[in-house]
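Below is one structure, written out as structure tokens; comments come after it.
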């Protein structure tokens, strides 16, 4: 399933990120890509050796960790170190699949269950640059407001279309979920959403407590910690 997570960064945070990123050192985006991806990748990424990068990636991690909807949809166990990319002058990233396992600075390695893109450019400021994701439900074309995030299975083929005007800047990362199976994770997310909706309409009740108990028992049964 694909999820739109709005308001991960406020407009003020986005403006500050953009100001800092204009001062950043950018390198060829292929430095973080395997052999297959390097053949179709043409973009730039912030140099991960800089102090500015270290500060910005930490802010992204803090923002997603504090976002309740992101947590409910992803049920994250491990988050990769966020990266930052930039597309301009017809730069693009052709169809590719993300690697199943990535190195992780604390855990040694992590499984990539979910991929996330946090948009940092207003959609009106550039042409093209759509994230295109192919999954079992068809093809999805994504171009979200700055500060919003899209979450989708890392197993999906995806691409970024050429940016023909302006500049598209984003942060991206991978998530190892406590729930490996996409369908089980989607069921838990739907159950959680319905529990929260019932609580907001009717307050606490024995029935809602029973549903909450069911949610946590399923999470206990399915989670990998």
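A Cβ is built for glycine as well, from the same backbone N, Cα and C atoms used for every other residue.
What Swiss-Prot annotates here:
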type	residues	note
BINDING	96, 98, 158	Fe cation binding site
BINDING	168	2-oxoglutarate binding site
DOMAIN	78-177	domain 'Fe2OG dioxygenase'
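Everything Swiss-Prot records as a feature, shown here on the structure.
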residue	record	contacts (Cβ under 8 Å, 6+ apart)
96	Fe cation binding site	36, 37, 40, 41, 157, 158, 159
98	Fe cation binding site	112, 115, 154, 174
168	2-oxoglutarate binding site	86, 87, 88, 121, 126, 128, 129, 160
Cβ-Cβ neighbours of residue 158 (Fe cation binding site) (radius 10 Å): 23
Given the Fe cation site residues 96, 98, 158, which other residues of that chain have a Cβ within 8 Å of the mean position of their Cβ atoms, reported in sequence order? 37, 95, 97, 115, 154, 156, 157, 159
Let's see if you can do this one: DSSP helix, strand and coil counts over the domain 'Fe2OG dioxygenase' (78-177), in that order. 3 helix, 62 strand, 35 coil
